[in-house]
(Lines of atoms letter the chains of each structure in order from A and count residues from 1; the text may use other names and numbers.)
(Lines give C-alpha, C1' and ligand atoms only; values in the text may rest on other atoms or scores of the structure.)
Protein backbone atom coordinates (compact mmCIF):
# COMPACT_ATOMS: atom_id res chain seq x y z
CA UNK A 1 0.00 0.00 0.00
CA UNK A 2 1.24 3.49 -0.83
CA UNK A 3 1.00 6.20 1.80
CA UNK A 4 0.96 9.92 0.97
CA UNK A 5 3.58 12.21 2.44
CA UNK A 6 2.34 15.08 4.55
CA UNK A 7 2.67 18.79 3.95
CA UNK A 8 5.20 18.95 1.15
CA UNK A 9 6.07 22.49 0.02
CA UNK A 10 4.51 23.03 -3.38
CA UNK A 11 5.71 26.58 -3.89
CA UNK A 12 7.91 29.27 -2.42
CA UNK A 13 4.84 31.10 -1.16
CA UNK A 14 5.25 28.96 1.94
CA UNK A 15 8.28 31.06 2.76
CA UNK A 16 6.24 34.25 2.63
CA UNK A 17 8.27 35.64 -0.25
CA UNK A 18 7.33 38.05 -2.96
CA UNK A 19 6.40 36.30 -6.24
CA UNK A 20 9.27 38.14 -7.94
CA UNK A 21 12.99 38.54 -7.46
CA UNK A 22 16.16 36.43 -7.48
CA UNK A 23 15.51 34.82 -4.09
CA UNK A 24 12.11 33.62 -5.29
CA UNK A 25 13.61 32.23 -8.50
CA UNK A 26 16.42 30.49 -6.62
CA UNK A 27 14.04 28.82 -4.16
CA UNK A 28 11.75 27.82 -7.02
CA UNK A 29 14.67 26.11 -8.75
CA UNK A 30 15.58 24.29 -5.54
CA UNK A 31 12.04 23.09 -4.86
CA UNK A 32 11.76 21.82 -8.45
CA UNK A 33 13.32 18.35 -8.82
CA UNK A 34 16.64 18.21 -10.63
CA UNK A 35 16.24 16.55 -14.03
CA UNK A 36 19.04 14.42 -15.42
CA UNK A 37 18.40 12.19 -18.41
CA UNK A 38 19.48 8.61 -17.86
CA UNK A 39 21.65 6.98 -20.52
CA UNK A 40 20.43 3.58 -19.45
CA UNK A 41 16.66 3.76 -19.36
CA UNK A 42 13.85 6.14 -20.22
CA UNK A 43 11.91 5.39 -17.03
CA UNK A 44 12.17 8.52 -14.89
CA UNK A 45 9.60 9.66 -12.37
CA UNK A 46 8.35 13.22 -12.81
CA UNK A 47 7.67 14.32 -9.25
CA UNK A 48 5.71 17.33 -10.53
CA UNK A 49 2.96 15.07 -11.71
CA UNK A 50 2.02 11.48 -12.44
CA UNK A 51 3.66 10.91 -15.82
CA UNK A 52 7.03 9.51 -16.74
CA UNK A 53 9.29 10.76 -19.55
CA UNK A 54 7.25 8.85 -22.13
CA UNK A 55 4.06 10.68 -21.16
CA UNK A 56 2.57 7.55 -19.58
CA UNK A 57 0.81 7.57 -16.23
CA UNK A 58 3.16 6.76 -13.36
CA UNK A 59 1.94 3.97 -11.10
CA UNK A 60 3.93 3.99 -7.83
CA UNK A 61 2.72 0.47 -7.03
CA UNK A 62 4.17 -0.96 -10.27
CA UNK A 63 7.49 -2.81 -10.23
CA UNK A 64 10.30 -0.65 -11.71
CA UNK A 65 11.30 -1.89 -15.20
CA UNK A 66 14.92 -2.37 -14.07
CA UNK A 67 16.79 -3.80 -11.11
CA UNK A 68 19.33 -2.27 -8.79
CA UNK A 69 21.86 -4.53 -10.52
CA UNK A 70 21.06 -2.85 -13.85
CA UNK A 71 21.80 0.54 -12.30
CA UNK A 72 25.00 -0.70 -10.67
CA UNK A 73 26.24 -2.11 -13.99
CA UNK A 74 25.74 1.26 -15.71
CA UNK A 75 27.98 3.14 -13.26
CA UNK A 76 31.63 3.54 -14.39
CA UNK A 77 34.06 1.52 -12.28
CA UNK A 78 36.11 4.52 -11.19
CA UNK A 79 33.04 6.07 -9.53
CA UNK A 80 33.33 3.45 -6.80
CA UNK A 81 36.93 4.35 -5.97
CA UNK A 82 37.49 6.31 -2.74
CA UNK A 83 40.53 8.52 -2.31
CA UNK A 84 41.45 9.33 1.28
CA UNK A 85 43.71 12.13 0.08
CA UNK A 86 41.00 13.70 -2.04
CA UNK A 87 38.46 13.43 0.77
CA UNK A 88 40.94 14.96 3.23
CA UNK A 89 41.49 17.83 0.81
CA UNK A 90 37.77 18.63 0.88
CA UNK A 91 37.80 18.42 4.68
CA UNK A 92 40.83 20.72 4.86
CA UNK A 93 39.18 23.16 2.46
CA UNK A 94 36.11 23.42 4.65
CA UNK A 95 38.14 23.85 7.85
CA UNK A 96 40.26 26.60 6.28
CA UNK A 97 37.17 28.46 5.07
CA UNK A 98 35.58 28.20 8.54
CA UNK A 99 38.73 29.65 10.11
CA UNK A 100 39.01 32.47 7.57
CA UNK A 101 35.36 33.45 8.00
CA UNK A 102 35.72 33.53 11.79
CA UNK A 103 38.92 35.59 11.57
CA UNK A 104 37.31 38.11 9.22
CA UNK A 105 34.24 38.40 11.44
CA UNK A 106 36.38 39.09 14.52
CA UNK A 107 38.48 41.59 12.58
CA UNK A 108 35.53 43.64 11.34
CA UNK A 109 33.20 42.99 14.28
CA UNK A 110 30.46 45.02 12.62
CA UNK A 111 26.69 44.63 12.67
CA UNK A 112 26.82 45.17 8.93
CA UNK A 113 29.10 42.14 8.57
CA UNK A 114 27.59 39.79 11.17
CA UNK A 115 24.46 38.71 9.20
CA UNK A 116 26.59 37.81 6.15
CA UNK A 117 28.96 35.91 8.42
CA UNK A 118 26.14 34.00 10.11
CA UNK A 119 24.83 32.75 6.79
CA UNK A 120 28.24 31.97 5.27
CA UNK A 121 29.54 30.22 8.37
CA UNK A 122 26.29 28.33 8.92
CA UNK A 123 26.57 27.09 5.34
CA UNK A 124 30.12 25.92 6.05
CA UNK A 125 28.98 24.16 9.23
CA UNK A 126 26.53 22.34 6.95
CA UNK A 127 29.38 21.47 4.58
CA UNK A 128 31.31 20.00 7.53
CA UNK A 129 28.24 17.96 8.43
CA UNK A 130 28.19 16.48 4.92
CA UNK A 131 31.87 15.52 5.27
CA UNK A 132 30.99 13.69 8.50
CA UNK A 133 27.95 12.23 6.74
CA UNK A 134 30.26 10.66 4.15
CA UNK A 135 32.42 9.29 6.97
CA UNK A 136 29.33 7.66 8.44
CA UNK A 137 28.62 5.92 5.15
CA UNK A 138 32.24 4.87 4.68
CA UNK A 139 32.40 6.82 1.41
CA UNK A 140 35.02 9.22 2.81
CA UNK A 141 37.72 6.55 2.95
CA UNK A 142 38.30 2.80 3.06
CA UNK A 143 40.09 3.41 6.37
CA UNK A 144 37.53 2.91 9.14
CA UNK A 145 39.70 4.64 11.74
CA UNK A 146 40.06 7.70 9.52
CA UNK A 147 36.31 7.75 8.92
CA UNK A 148 35.67 7.65 12.66
CA UNK A 149 38.24 10.36 13.43
CA UNK A 150 37.04 12.85 10.81
CA UNK A 151 33.41 11.99 11.54
CA UNK A 152 33.88 12.80 15.21
CA UNK A 153 35.84 15.99 14.49
CA UNK A 154 33.27 17.39 12.07
CA UNK A 155 30.12 16.35 13.89
CA UNK A 156 31.25 17.06 17.44
CA UNK A 157 32.23 20.57 16.33
CA UNK A 158 28.63 21.23 15.26
CA UNK A 159 27.12 19.45 18.28
CA UNK A 160 26.01 16.27 16.53
CA UNK A 161 26.73 12.94 18.31
CA UNK A 162 28.52 11.20 15.46
CA UNK A 163 27.93 7.53 16.21
CA UNK A 164 24.40 8.07 17.49
CA UNK A 165 23.58 9.90 14.27
CA UNK A 166 25.51 7.41 12.10
CA UNK A 167 23.56 4.43 13.40
CA UNK A 168 20.13 6.05 13.11
CA UNK A 169 21.03 7.38 9.66
CA UNK A 170 21.91 3.85 8.62
CA UNK A 171 18.40 2.86 9.71
CA UNK A 172 17.02 5.63 7.51
CA UNK A 173 18.94 4.37 4.47
CA UNK A 174 17.93 0.77 5.07
CA UNK A 175 14.24 1.75 5.24
CA UNK A 176 13.94 4.87 3.09
CA UNK A 177 10.39 5.42 1.90
CA UNK A 178 8.90 2.96 4.42
CA UNK A 179 6.04 4.55 6.37
CA UNK A 180 6.61 2.71 9.64
CA UNK A 181 10.35 2.02 9.56
CA UNK A 182 11.95 5.12 8.05
CA UNK A 183 13.75 7.31 10.57
CA UNK A 184 13.59 10.78 9.00
CA UNK A 185 10.62 12.98 8.05
CA UNK A 186 8.28 10.03 7.64
CA UNK A 187 4.50 10.59 7.30
CA UNK A 188 2.31 10.15 10.36
CA UNK A 189 -1.27 8.92 10.45
CA UNK A 190 -4.11 11.33 11.07
CA UNK A 191 -4.79 9.62 14.39
CA UNK A 192 -1.19 10.00 15.51
CA UNK A 193 -1.13 13.62 14.38
CA UNK A 194 -4.23 14.47 16.41
CA UNK A 195 -2.69 12.81 19.48
CA UNK A 196 0.46 14.93 19.29
CA UNK A 197 0.87 17.84 21.65
CA UNK A 198 0.05 21.21 20.02
CA UNK A 199 3.65 22.38 20.38
CA UNK A 200 4.87 19.20 18.64
CA UNK A 201 2.42 19.75 15.79
CA UNK A 202 3.65 23.32 15.46
CA UNK A 203 7.35 22.48 15.54
CA UNK A 204 7.15 19.42 13.33
CA UNK A 205 4.59 20.34 10.67
CA UNK A 206 4.65 24.11 10.13
CA UNK A 207 7.11 26.63 8.78
CA UNK A 208 9.37 28.19 9.87
CA UNK A 209 9.46 26.12 13.07
CA UNK A 210 10.09 22.83 11.26
CA UNK A 211 13.43 24.24 10.12
CA UNK A 212 14.68 24.25 13.71
CA UNK A 213 13.72 20.75 14.88
CA UNK A 214 16.98 18.86 14.30
CA UNK A 215 18.51 19.35 17.78
CA UNK A 216 15.21 18.24 19.32
CA UNK A 217 15.11 15.22 17.00
CA UNK A 218 18.54 14.19 18.26
CA UNK A 219 17.24 14.26 21.82
CA UNK A 220 13.72 12.86 21.30
CA UNK A 221 13.52 11.38 17.73
CA UNK A 222 10.50 11.81 15.45
CA UNK A 223 6.81 11.67 16.47
CA UNK A 224 5.75 8.12 17.26
CA UNK A 225 9.31 6.95 17.95
CA UNK A 226 11.14 6.68 21.27
CA UNK A 227 14.76 7.03 22.27
CA UNK A 228 17.63 9.49 22.12
CA UNK A 229 20.77 9.70 20.00
CA UNK A 230 22.74 10.46 23.16
CA UNK A 231 21.56 7.50 25.25
CA UNK A 232 23.60 4.30 24.75
CA UNK A 233 20.66 2.30 26.14
CA UNK A 234 18.18 3.71 23.63
CA UNK A 235 16.33 1.18 21.48
CA UNK A 236 17.96 2.90 18.51
CA UNK A 237 21.11 0.93 19.22
CA UNK A 238 22.15 -2.70 19.53
CA UNK A 239 24.04 -3.74 22.69
CA UNK A 240 27.35 -3.96 20.79
CA UNK A 241 26.93 -0.34 19.61
CA UNK A 242 26.52 1.23 23.04
CA UNK A 243 30.20 1.93 23.63
CA UNK A 244 30.38 3.77 20.29
CA UNK A 245 27.37 5.88 21.24
CA UNK A 246 28.90 6.67 24.62
CA UNK A 247 32.13 7.88 23.00
CA UNK A 248 30.23 10.24 20.70
CA UNK A 249 28.10 11.54 23.55
CA UNK A 250 31.28 12.28 25.51
CA UNK A 251 32.74 14.13 22.51
CA UNK A 252 29.53 16.16 22.26
CA UNK A 253 29.78 16.98 25.97
CA UNK A 254 33.38 18.16 25.58
CA UNK A 255 32.40 20.49 22.73
CA UNK A 256 29.39 21.86 24.60
CA UNK A 257 31.57 22.43 27.69
CA UNK A 258 34.20 24.18 25.59
CA UNK A 259 31.60 26.56 24.17
CA UNK A 260 30.29 27.30 27.64
CA UNK A 261 33.83 27.95 28.92
CA UNK A 262 34.55 30.30 26.01
CA UNK A 263 31.33 32.18 26.71
CA UNK A 264 32.43 32.65 30.34
CA UNK A 265 36.04 33.57 29.58
CA UNK A 266 35.34 35.70 26.51
CA UNK A 267 32.50 38.02 25.66
CA UNK A 268 29.32 35.85 25.53
CA UNK A 269 27.98 38.01 22.69
CA UNK A 270 31.07 37.15 20.65
CA UNK A 271 30.51 33.41 21.11
CA UNK A 272 26.85 33.83 20.18
CA UNK A 273 27.76 35.71 17.00
CA UNK A 274 30.68 33.48 16.06
CA UNK A 275 29.02 30.13 16.79
CA UNK A 276 25.40 30.12 17.96
CA UNK A 277 23.83 32.02 15.07
CA UNK A 278 25.79 30.02 12.43
CA UNK A 279 24.80 26.83 14.25
CA UNK A 280 21.11 27.61 13.73
CA UNK A 281 21.73 28.44 10.08
CA UNK A 282 23.33 24.99 9.78
CA UNK A 283 20.27 23.44 11.44
CA UNK A 284 18.02 25.20 8.94
CA UNK A 285 20.10 23.91 6.03
CA UNK A 286 19.97 20.36 7.37
CA UNK A 287 16.23 20.33 7.99
CA UNK A 288 15.41 22.01 4.68
CA UNK A 289 17.63 19.77 2.57
CA UNK A 290 16.52 16.58 4.32
CA UNK A 291 12.87 17.50 3.85
CA UNK A 292 13.22 18.45 0.19
CA UNK A 293 14.99 15.19 -0.67
CA UNK A 294 12.12 13.10 0.67
CA UNK A 295 9.03 15.14 -0.22
CA UNK A 296 7.78 16.32 -3.59
CA UNK A 297 5.33 18.65 -5.23
CA UNK A 298 1.64 18.27 -4.49
CA UNK A 299 2.25 15.26 -2.21
CA UNK A 300 3.27 13.10 -5.19
CA UNK A 301 6.18 11.22 -3.61
CA UNK A 302 5.12 7.65 -2.74
CA UNK A 303 5.69 6.08 0.67
CA UNK A 304 5.27 2.32 1.01
CA UNK A 305 4.08 -0.20 3.58
CA UNK A 306 4.68 -3.90 4.06
CA UNK A 307 5.47 -5.99 1.00
CA UNK A 308 4.94 -3.03 -1.33
CA UNK A 309 8.20 -1.55 -0.05
CA UNK A 310 11.60 -2.48 -1.44
CA UNK A 311 15.04 -0.93 -1.15
CA UNK A 312 14.92 0.05 -4.83
CA UNK A 313 11.47 1.64 -4.61
CA UNK A 314 12.45 3.53 -1.49
CA UNK A 315 15.59 4.93 -3.11
CA UNK A 316 13.73 5.92 -6.27
CA UNK A 317 11.20 7.84 -4.18
CA UNK A 318 13.92 10.27 -3.06
CA UNK A 319 14.47 13.43 -5.08
CA UNK A 320 17.50 15.17 -6.58
CA UNK A 321 17.62 18.92 -5.95
CA UNK A 322 19.62 21.67 -7.61
CA UNK A 323 21.05 24.15 -5.09
CA UNK A 324 22.89 26.17 -7.71
CA UNK A 325 26.17 27.64 -6.50
CA UNK A 326 25.75 25.76 -3.19
CA UNK A 327 26.00 22.34 -4.87
CA UNK A 328 29.79 22.16 -4.65
CA UNK A 329 29.95 23.91 -1.28
CA UNK A 330 27.76 21.18 0.22
CA UNK A 331 29.52 18.38 -1.64
CA UNK A 332 26.75 17.57 -4.13
CA UNK A 333 24.36 16.31 -1.47
CA UNK A 334 21.56 17.37 -3.85
CA UNK A 335 22.40 14.38 -6.08
CA UNK A 336 20.39 12.25 -3.73
CA UNK A 337 18.82 9.34 -5.62
CA UNK A 338 22.12 7.72 -6.56
CA UNK A 339 23.35 8.39 -3.02
CA UNK A 340 20.41 6.44 -1.59
CA UNK A 341 20.91 3.63 -4.07
CA UNK A 342 24.65 3.37 -3.38
CA UNK A 343 25.71 5.41 -0.32
CA UNK A 344 29.25 4.05 -0.60
CA UNK A 345 29.95 6.22 -3.69
CA UNK A 346 32.13 9.25 -2.76
CA UNK A 347 30.42 12.62 -3.12
CA UNK A 348 32.86 13.73 -5.84
CA UNK A 349 31.65 10.89 -8.10
CA UNK A 350 27.90 11.25 -7.47
CA UNK A 351 27.07 13.52 -10.40
CA UNK A 352 28.93 11.36 -12.92
CA UNK A 353 27.44 8.18 -11.47
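Glycine too: its Cβ is placed from the backbone N, Cα and C atoms.
As stated in TrEMBL, the feature transmembrane segment covers range 90-108 out of the listed 90-108, 109-127, 128-146, 147-165. Record note: among 245-265, 308-328, 329-349, 245-265 is the stretch given as transmembrane segment by TrEMBL.
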